[in-house]
Amino acid sequence: MLKEKLSREMLVFKMCRVHAYRLLIFAAHCILPIILSGQEPATHDNPFLDADVVDTGWPHIRGPNYDGISSETRLADSWPDDGPPVLWVTELGQGYSSWVVKDNRAYTQYQSLAGQFVICLDASDGQPIWRYRYDWPFEATGLYPGPRSTPTIANNRIYFSTPLGAVGCLNEYGKLIWQQELKTKFDGKGTDFGYACSPTVFDGKVIMPVGGAGACMVALDAADGSILWASGDASASYTPALPITVDGHRQVIGYLENDLAAFDLGTGRELWRQHLSNGYDEHAAWPIFREPYLWTSAPFQAGSQLLRLSGGQNASFERVWDSLVMSNDVSSSVLVDEHLYGFDLAEAQSKAHRPSRGAFRSITWLSGKTSWSNGDAKLRRSTDYEENKRRQTIGQASLIAADGKLIVLNDLGDLILAKIDSDKYVELARTPAIKGDICWTSPALDRGRLFLRNHTRAVCIYIGEPALMATVARGEPLSVSDLPQSSVVDLASLLGVEPDYSMDPPTYRWLRIWFLSSLAILGSAGLFVCLIWRCKRSLSSHRIRWWFWATAMVLGLIVGSVASLASRDFVFTWPVTLFFAFQIAVYQSAMRRRKEPTTRLKKWQDRIVAILFLAVCFAYYYACRRLSLVTEWVFLCGFAASCPILLFSRVMTTRNRPVFLLAEFSLTLFAFAAFYGSAVVLLGLKYNLSDF
């Protein structure tokens, strides 16, 4: 027995020795040549990354290092005439969320009528793997519908935030691990248009700007969502937290509503604060950090600044330069070598209904001087793709820097490839990638694949070298011409002159001008009808009335634009058209003074007029929504105050004598004053109009 046992042990020993020899031979063949050549062994199978680069995917809205820069190489230097290959396209709902990608899975947030979701897709073919519903739709018919933030991937978990200020954590299968209602818990301020900060997951913490008292910045345990620290007393804004390291000291930068502040990552202690503004302000663009310098940019044509930071217990900052150049809003810049590249917004804020005015620029990092500019900041940009391609106009755009190139997605949905050049703009290629909506989402890059989306659909486009497409493609690719293509319609031209701050309610001065302009329209329509009646006295009161209505409604649509262009100020007369649509509906209603039989034809006339009135109301609402005229919707609430007067004036409609027509016209003026005045009263109840 002992002899057999020793024999078995010897056999096992010999087999282990054989396997050891094989491992040594493998090492000699595979690892030794790499060592002798001075290269590190590859730690991934990503052909678009160098061997010594860790393959982290695109785990965050701004990439692995929060700066919009990718380490990928072997990207194509040009594209075919019909654009780069399209690997897949899928319909998606509303939302401003961008993509994050890792391990061949792509994540974003969107909403449909069924609710808001985090969705996981197969990055190869766009097929859904799972989706998690976390809330009902947010402002589905508002100016900015859907979720604003982008998920973050960390340690095989997906972290997300909601427009109402909650933050949650999902596992890789889409199951909820934890969720915290941060904005409610800390009474957060400064994010009234919907919480937009993507979760920053760093050093085991989820760091979120909240804007509450004693909770300007909050850190949660990434494992269970428990509160680790809360610090600061400033209101938040729309820029996520930025983790940085200064002199070996880990900090968190908060770009808040009125302040720029730094916090100790471990304890939350506020290190320093720079006061930027008072009252309403907003910041959505990412700061850029390259030790020891921090660059920030702001909308409202406030420009940008560069600070020099110091770390340690006495952490502080000093300003290097500040300039009115390079005002970022919803699109952030990137820093490559010693130059910043980004869009300098020439308006107060980005426009959701048309291309924003401004110039795409390159400026030097340490001086803020402009190296080159693309586009005329004073002119409204065309929405025509061919014209912009011919002029090589970029416009407002989100971008990624990779492989010596700028990958640019502008707000019209055009995808542009440009050479990184600090001396001049060099365009390499352009294609209409994702058209139809104003696009504010940032692109994401992983394995030569560019992930794009707008409010309608998501697209994955391959921009790597053609020889490597087989490593990521699944099935036959499409071409850009196969994608649904439609142009953005610029409705702003209907206004003549837009208000600089469309979110603000109109001032009392504006409201007076609008009312007087509306009365002038009514008077002009009345004079026009008088001239017609004098030329043709046989006209019935019914026909005279329709001539008056038609004239007033047309003038209400066009006079405001003409007056705006003439005065170079915003004059709004559309409520005139809205009012007379209501008067027609009241007059045509079944509430007749005369007792007469109701025929089938008259019933249908009543229904058609009612439908047309509702259509006018919807068109007014839709136009205001598309033009970001938030408070002008209030005129839809003025009908109730004018209705009794219009019903009384309805009594005059059977009389054809001039005195009754004049009385009816006077009552119409009073009804319009009630309609307009009640809307102004509602505005005054909600806003202190003297502040604007």
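From the backbone N, Cα and C atoms, a Cβ is placed for every residue, glycine too.
If you check TrEMBL, you get these features:
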type: DOMAIN; residues: 118-304; note: domain 'Pyrrolo-quinoline quinone repeat'
type: TRANSMEM; residues: 513-534; note: transmembrane segment
type: TRANSMEM; residues: 546-565; note: transmembrane segment
type: TRANSMEM; residues: 571-587; note: transmembrane segment
type: TRANSMEM; residues: 608-623; note: transmembrane segment
type: TRANSMEM; residues: 629-648; note: transmembrane segment
type: TRANSMEM; residues: 660-685; note: transmembrane segment
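A Cβ distance under 8 Å defines the sequence-distant neighbours of the transmembrane segment (513-534), meaning residues of its chain 6+ beyond its ends; these are 506, 544, 547-548, 551-552, 555-556, 559-560, 563, 569, 571-573, 575-576, 665, 668-669, 672, 676.
Mean model confidence for the domain 'Pyrrolo-quinoline quinone repeat' (118-304) is a pLDDT of 97. If you look at the transmembrane segment (546-565), the same-chain residues 6 or more away from its ends with a CB under 8 A from one of its CBs are 494-497, 514, 517-518, 520-522, 524-526, 528-529, 532, 539, 571-578, 580-581, 583-584, 665. Listed by sequence, the residues of this chain that lie at least six past the ends of the transmembrane segment (660-685) yet keep a Cβ under 8 A from its Cβ atoms are 505-506, 511, 515, 518-519, 522, 526, 541, 544-545, 548, 575-576, 579, 582-583, 631, 634-635, 637-642, 645-646, 648-649, 652-653. Using a Cβ-Cβ cut-off under 8 Å and counting only residues 6 or more beyond its ends in the same chain, the transmembrane segment (629-648) has close neighbours at 143, 499, 502-506, 572, 574-575, 578-579, 582-583, 586-587, 591, 617, 620-621, 623, 667-668, 670-672, 674-679, 682-683, 687.
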